[in-house]
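**Student:** Below you will find the structure I want to go over with you.
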């Protein structure tokens, strides 16, 4: 994981110059046009219809793998009711003469995650078998999503009250507990201390932008769909600023208990390292017990190194550095299922903390799924793929069933490798490209002056200089720079992944492997598929218009049809 203190710098820059401006743009667009993503961009210009299609594809791809993460959360939640927690101890081997070798060489937490949960294969090319426990949890998760979105916004709006409020309660409980743990201060210092060298890495900026996009659900199309239900005179500018600030403050608030617990885990590991070294030194030099303590360990090591260097070298003492233990924290799934679960084991009343933690994760993930599903649901209604007479319950059921069947591939032994691929390529770069064309489409095609008048009509006041500058220059330029930097970085070395391989000579370290050519092709496809929709749809309409223009009786339609599509502002969306 990158130094979090440094990550906060690009995070807040991305929030100020990308997140807030894009959030306002999407909310205003949906509220004014009263349409979902595809309908809204087709209304602005048929040539921009690909922006809506790209958003829809991203929503589909992210929904497929994101609900699998909730599947893992549900599996851990179910196992949290066991005493002791199943990831706290290693199982016995087949002969029952000792611990399982894979677990013994790594840790009980790693073993439960990689073997008992994922049953992971040592290579992405080895698919492995479907895991029945994950299939059952996956079915349950999609059933929950279906029940919460069964009638679209009508049921989603009710469910969001629970999924949005409950995590705050759990975070507060974790905050109180986390701040009382030894090492919490070290964790918080680590959180807020920046390492400016990491800012030279383009991946940090991409991660920061992606985090903003995910947390605010930008470029997925769901926000445009949700905003279309707002009253036409709603203050979308105030909503955008409020939501963005509350969202980021919530993320910062959540990071405090998380890094308090991570500081506790790192401090505990540091103390264990010191204790093992102290025992070895006392036994080797036949010193009295408690003659060497953690407090005077450094001075003793300095004295013994100068007096008995050969003996100390022969002990092969572990290097105990608290900073190294803090740096061992990981991000993504590893943070939730490895680092945090290991920390929970060390906490008194670990079973209760595990149950609370995974309920909170499920609530957070479920609320994110609502936006993704809305980004899938509304465009299908607009495209009239299913007749309007068909009940919403049927459309929701079909979407969830098809998604479940496709997501079964993520329950294979190689499934977690593919989720990493979807997350890195389908859920990051396309969002930057789609957001870039959103800004360009509104500012330079629909025209910023026209859009400003639309927003003024809705909010009752003119747009200030901040919105004008960010939409015209800063946001598209920053998006373009981050995208080009990422592409340059990817071209410097082939894409790789880390595999869990018990036969690897460096085990329990993960083995770094380069993706096979066919997997690299899929990576490119996932990243390019939503992006190429923009030029392809524009090319399609250009060819279509040229063919029609050859007809003498053809009268070219008005390219920008927003006012025509939105001539009646007083209606309420059904």
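Backbone N, Cα and C define each Cβ position, glycine as well.
Copied straight from TrEMBL:
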- 215, 247, 364, 368: Na(+) binding site (BINDING)
- 6-25: transmembrane segment (TRANSMEM)
- 46-66: transmembrane segment (TRANSMEM)
- 130-148: transmembrane segment (TRANSMEM)
- 160-184: transmembrane segment (TRANSMEM)
- 204-229: transmembrane segment (TRANSMEM)
- 325-346: transmembrane segment (TRANSMEM)
- 352-373: transmembrane segment (TRANSMEM)
- 394-419: transmembrane segment (TRANSMEM)
- 425-448: transmembrane segment (TRANSMEM)
- 469-489: transmembrane segment (TRANSMEM)
- 518-543: transmembrane segment (TRANSMEM)
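For each feature listed, report its degree of burial, its nearest neighbours and the pertinent distances within the displayed model.
**Tutor:** Around residue 368 (Na(+) binding site), taking its Cβ as the centre, 22 other Cβ atoms fall within 10 Å, counting all chains.
Long-range contacts of the transmembrane segment (46-66) within its own chain (CB-CB distance under 8 A, at least 6 residues past either end) are made by residues 36-40, 219-222, 224, 365, 368-369, 372-373, 375-376, 379, 403, 406-407, 410, 418-419, 422-423, 426-427, 430-431, 433-434, 437-438, 441, 445, 526, 529-531, 533-538, 541-542, 559.
Through the fold, the transmembrane segment (130-148) approaches residues 67-68, 70-72, 74-75, 78, 117-119, 155-156, 159, 366, 369-370, 373, 396-397, 400-401, 403-404, 407-408, 410-413, 415 of its own chain, all at least 6 residues removed from its boundaries and within a Cβ separation under 8 Å.
Long-range contacts of the transmembrane segment (204-229) within the same chain: residues 2, 6-7, 10-11, 13-15, 18-19, 22-23, 26-31, 33-38, 40, 52, 55-56, 58-59, 62, 153, 198, 236, 243-244, 247-248, 251, 368, 370-375, 377-379, 427-432, 434-435, 438, 479, 482, 485-486, 573, each at least 6 residues beyond the stretch ends and with a Cβ under 8 Å from a Cβ of the stretch.
Proximity of distant same-chain residues to the transmembrane segment (425-448), defined by a Cβ-Cβ separation under 8 Å and at least 6 residues beyond the stretch ends, is recorded for 18, 21-22, 25-26, 29, 41, 44-45, 47-48, 50-51, 54-55, 57-58, 61-62, 65, 206, 209-210, 213-214, 218-220, 468, 471-472, 475-476, 479-480, 482-483, 486, 523-524, 526-527, 529-531, 534, 560, 562.
Within its own chain, the transmembrane segment (469-489) has Cβ neighbours under 8 Å at 14, 17-18, 20-22, 25, 202-203, 205-206, 209, 429, 432-433, 435-436, 439-440, 442-443, 448, counting only residues six or more beyond its boundaries.
For the transmembrane segment (518-543), the residues of the chain that approach it from at least six positions outside its boundaries are 46-51, 53-55, 57-58, 61, 124-125, 421-422, 424-426, 429-430, 433-434, 437, 494-495, judged by C-beta separation under 8 angstroms.
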**Student:** Can you list, in sequence order, the residues of the same chain other than 215, 247, 364, 368 whose CB lies within 8 Å of the CB centroid of the Na(+) site?
**Tutor:** 214, 216, 217, 250, 251, 367
**Student:** So of 247, 364, which of the binding-site residues has the fewest other Cβ atoms within 10 Å around its own Cβ?
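**Tutor:** Comparing Cβ neighbour counts within 10 Å for the binding-site residues 247, 364 gives 247.
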**Student:** Cβ under 8 Å, sequence separation of at least 6 from the ends of the transmembrane segment (6-25): give me the contacting residues as numbers and ranges.
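**Tutor:** For the transmembrane segment (6-25), the far contacts come to 192, 194-199, 204-205, 207-209, 211-213, 216, 218-219, 223, 236-237, 240-241, 243-244, 248, 435, 438-439, 442, 467, 470-471, 474-475, 478-479.
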